[in-house]
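Lifted from TrEMBL, the feature list:
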BINDING   C:11-18, C:36-40, C:57-60, C:117-120  GTP binding site
BINDING   C:Ala23, C:Thr25, C:Gly26  Mg(2+) 2 binding site
DOMAIN    C:4-166  domain 'FeoB-type G'
TRANSMEM  C:283-308  transmembrane segment
TRANSMEM  C:339-363  transmembrane segment
TRANSMEM  C:383-405  transmembrane segment
TRANSMEM  C:417-438  transmembrane segment
TRANSMEM  C:450-469  transmembrane segment
TRANSMEM  C:507-528  transmembrane segment
TRANSMEM  C:601-625  transmembrane segment
TRANSMEM  C:637-661  transmembrane segment
Amino acid sequence: MEKNHNGLKYISLLWGILYMAAGLVQVAKGVGLLPASLVSSSLLPAELAGGLVLVVIGAVFFVATFEFSKDSFEGSAYAYVGILLCLVFGTLYFLSMVADLINAYILAMEGYEKWTFVDSFKPALYLGILSGVVYAVWKNRFKPVNQGGF
Amino acid sequence: MTSRIPLAMYPTGQTCRICDVCAGKGLKRRLMEMGLTPESIIQPLGCNRGSFLVLVNGTRYALGRGMANKIIVEPVYGEVPQFG
Amino acid sequence: MAEKIKVAVAGNPNVGKTTIFNALTGARQKVGNWPGVTVEKKEGTKKHKDHILEIVDLPGTYSLTAYSADEVVARDYILEEKPDVVVQVLDSTNLERNLYLTSQLLEMGTNLVLALNMSDRAETRGDDIDIRRLESLLGVSAIKTAANEGRGINALLDSIVNKTESNPPLPHEIGYGGRVEENICALEEILGSDRELSKNYPSRWMAVKLLEGDENALSKLSSSSIEGKVQNFLSDLDHEEYEVEMADKRYEFIGTLLPQVCTTCAEDVSPSDMVDKVITNKYLGIPIFLTLMWGMFELTFAFATPFMELIDMFFGWLAAAVTSNIETVWLASLLGDGIVAGVGSVLLFVPNIFILFFVIALLESSGYMARAAFIMDRLMYTMGLQGKSFIPMLTGFGCSVPAIMATRTLEDEKDRLITMLVTPFMSCGARLPVYILLAGTFFSRQAGSVIFGLYVLGILVAIVSAKLFRTFIAKGQPSPFIMELPPYTRPSLKDSLQHMWNQGYLYLRKVGTIIVGGVVLIWLLAYFPQGADYGSADSLIGSLGKLIEPLVAPLGFDWKIAVALVFGFVAKEIVVGSLGTLYGTGEGEALSSALVADPGFTPAIALGLMVFTLLYVPCIGAVAVIKKETGSWKWMFFQAAYSTAVAWILALVTIGVGNIVL
């Protein structure tokens, strides 16, 4: 039990930082505080709403870390919800990439002439894939307390 | 010695028992039909801006503050395991 | 020879009734409405061992006391249609409460099969249920099922068939004791004197209901000879006291039954409660909720684009093919300009609507929706409503018609009325085509923000209106909020797709009937009288437009917009189609350029038109549902007049401000 939590604690902290940072950069770009071309305009796009989503997910992980640091077992529930949100939004961005792909290459829609794969490779997607890997490896650690009920 | 207070004013996280419902008979029956029978043990699970989450007879319910004010409870000691 | 068996599926909410129904019937379902009320009615058939089962899904109810529209529907079906077998789906982990409904079904003398669902969950928990014992004590058949894994479905079908072959059951009697029992006997005697009545309704059951003060039961006596006698008898009694006493007795009955059939393990706080703690966290609850809502709309729009493009291409091709291949000019015009272009413009948004319904089904079946209602309760309370009102309003983003039907879960009449009146302000999928055309044409770069702004405006108008209605019309407090939270489950893809299809099908049917009709009508009006140019001011439609133009002239709308808005009442999507007809351009690019070229059509007018479309009288389907559900013309007309007035005023303000700013 204790050991599980230690691993989860650091993952939560790391994920919290990753999502929060990516989210804040997107928000800052979205409202014009940072130039859109900073680092990469496709890997870290200027997207206000999308950025806020990442910030919320980051916050969930921060609360998880905070709960873990109090040695509260509730931390794992926050981490679990956090990782589920990562997966949900990873899937969502994946689906919208699939849609873009069809638009650009199969339907050759207007406005998609310059579209490349990277344009849809948003933070929520690559961080989501990363989360998927972590979740697949640590599935049992994430599920809070016991196996039943889910 | 028992002290009876509305669920809304009950300290969170402690189990209690339903003594009475201060409401019209229609609502009282409705609560019974939904499974909130008199003498049931209530285990509060959480509270969010005046709304309550409770566990009663194995089912979870969401209660608004208004509803929580109508359900009168008394404390129960050491019958049901505490949170954790 | 196949024998037909009428089966009704009943049960509490959240016990997996829909999953059982889907598993029993497969995908062959028919969705319609219950006669008289617009509660959704699902039917399906299943062939099993030389028998044809006609299965009807009754609404989920906690009891059969006629407390809400749902309960009346479920009860009347059992009473009037007399199904051969009633299957009650129970949650094995909460038998006590579920058996309450069982006790009422037994009192009605139904041929009952119990499906003890979620038995896997109960077993994991360590519960032990002796179903043989339960069967013999209650005189019913009982089967353990786990519908999400498909366990026990075949056994359930077997036992339905077997049930019809066994002897009909004796109505089960619960001894109420003392004065209650005395009164029941006395009433039974009075009721028994009317042969006709006692043939239709079990006397004891009727007596019990009358004693409980059930007005719906009383109304069933209205044409009988003994109504006066019964009224006299009842007038001396205080129903309220009996009501609770009788509910108590039923639980007492269950209380003596339960220890004999099952050993239950004490429910401890489960992982699901911990997830609830996170999801309903004071600070994170609302952000997480908003995040998911945003995700829902993002998916609805992003993932639908390729499908929309395909549909658009197909109808474009079809329209061209029709016009170029049919020689008769008027017929080519009717089919090409009228039906194909019109229906195509509407079908274009089917992907959006299907995806939205799918996501809502996912949220609902995962158990999140109930939590969302809980999170929103506080906010809803400040606008004079309660948490449960939130679910219909969310559905309203898809289509107002199912949303207004969904208000039936609200028990309080005033809550329900207000929710029904404000739900049409939630911007439904049908209004989207209008925004996409106008915002896309006039605000190309900010189109997304403009559309988002319209959604927000709709929500704000709903909030303010709810507050106004609560203050002036349906005075009082919102009824206290209580809602069962179903356990979290991994949403079933199959069930969600089924739900999406059922809801989407209703929409498609609307397209097939009302909208085709509307489109043909517009075409006729635009084509005649002979000699007039198609859709010009000289055509019938032009004259109509000129006639009503003064009504919207203060807003700066011309006759074309006036006509489009009138037809938008048929279905709001038609606003786009009729503009296309009136500008003589059809859909898409050509219409956009024509609008930009029209000097009377400024960006401010476009914005005003979008605001007007959002808010004015909902489509004919929604208005009809309001009439049916409120049961009064008054509220229907009130809603129509109120929303149109709000639309007119806010459009005027929008255009006024727009003229200065833009």
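Backbone N, Cα and C define each Cβ position, glycine as well.
Note: TrEMBL annotation is automatic and uncurated.
Structural mapping of features recorded in TrEMBL.
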{"residue": "C:Gly11", "record": "GTP binding site", "contacts (Cβ under 8 Å, 6+ apart)": "C:Lys17, C:Ile20, C:Leu58, C:Gly60, C:Thr61, C:Gln88, C:Val89, C:Leu90, C:Asn98, C:Leu101"}
{"residue": "C:Asn14", "record": "GTP binding site", "contacts (Cβ under 8 Å, 6+ apart)": "C:Gly60, C:Asp91, C:Glu484, C:Pro486"}
{"residue": "C:Ala23", "record": "Mg(2+) 2 binding site", "contacts (Cβ under 8 Å, 6+ apart)": "C:Ala147, C:Gly150, C:Ile153"}
{"residue": "C:Thr25", "record": "Mg(2+) 2 binding site", "contacts (Cβ under 8 Å, 6+ apart)": "C:Gly44, C:Thr45, C:Lys46, C:Ile55"}
{"residue": "C:Gly26", "record": "Mg(2+) 2 binding site", "contacts (Cβ under 8 Å, 6+ apart)": "C:Gly44, C:Lys46"}
{"residue": "C:Met118", "record": "GTP binding site", "contacts (Cβ under 8 Å, 6+ apart)": "C:Val15, C:Gly16, C:Asp91, C:Ser92, C:Thr93, C:Ala146"}
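Only sequence-distant pairs (6 or more apart) were considered; of these, at least three Cβ pairs between the transmembrane segment (C:417-438) and the transmembrane segment (C:601-625) are under 8 A, so the stretches are in contact. In the three-state DSSP reading, C:Gly11 (GTP binding site) counts as strand. If you look at the transmembrane segment (C:339-363) against the transmembrane segment (C:507-528), you find at least three C-beta pairs under 8 angstroms, all six or more positions apart, and that counts as contact. Just so you know, the Cβ of C:Pro59 (GTP binding site) picks up 24 other Cβ atoms within 10 Å once every protein chain is counted. Listed as Cβ neighbours of the transmembrane segment (C:601-625) (distance under 8 Å, sequence separation of 6 or more from its ends, same chain) are residues 38, 400-401, 404-405, 424-425, 427, 430-431, 434-435, 438-439, 441-443, 450, 454, 457-458, 461, 510, 514, 555-557, 561, 565, 568-572, 575, 595, 636, 639-640, 643-644, 646-648, 650-652, 654-655, 658-659, 662. Of all Cβ atoms in the shown protein chains, 25 besides its own fall within 10 Å of the Cβ of C:Lys17 (GTP binding site). DSSP assigns C:Lys17 (GTP binding site) to a helix in the three-state reduction. Only residues 6 or more beyond the boundaries of the transmembrane segment (C:637-661), in the same chain, are considered here, and those with a CB under 8 A from a CB of the stretch are 420-421, 424-425, 457, 461, 465, 552, 554-556, 602-605, 607-609, 611-612, 614-618, 623, 626.
Among residues of the same chain six or more beyond the transmembrane segment (C:450-469), those with a C-beta under 8 A of the stretch's C-beta atoms are 383-385, 393, 397, 417-419, 421-423, 425-427, 431-432, 435-436, 439, 443, 607, 610-611, 614-615, 642, 646, 650.
Mean pLDDT for the domain 'FeoB-type G' (C:4-166) in the predicted structure: 83. Annotation note: C:Met118 (GTP binding site) sits in a coil segment as assigned by DSSP. Mapped onto three states, the DSSP output places C:Ala23 (Mg(2+) 2 binding site) in helix.
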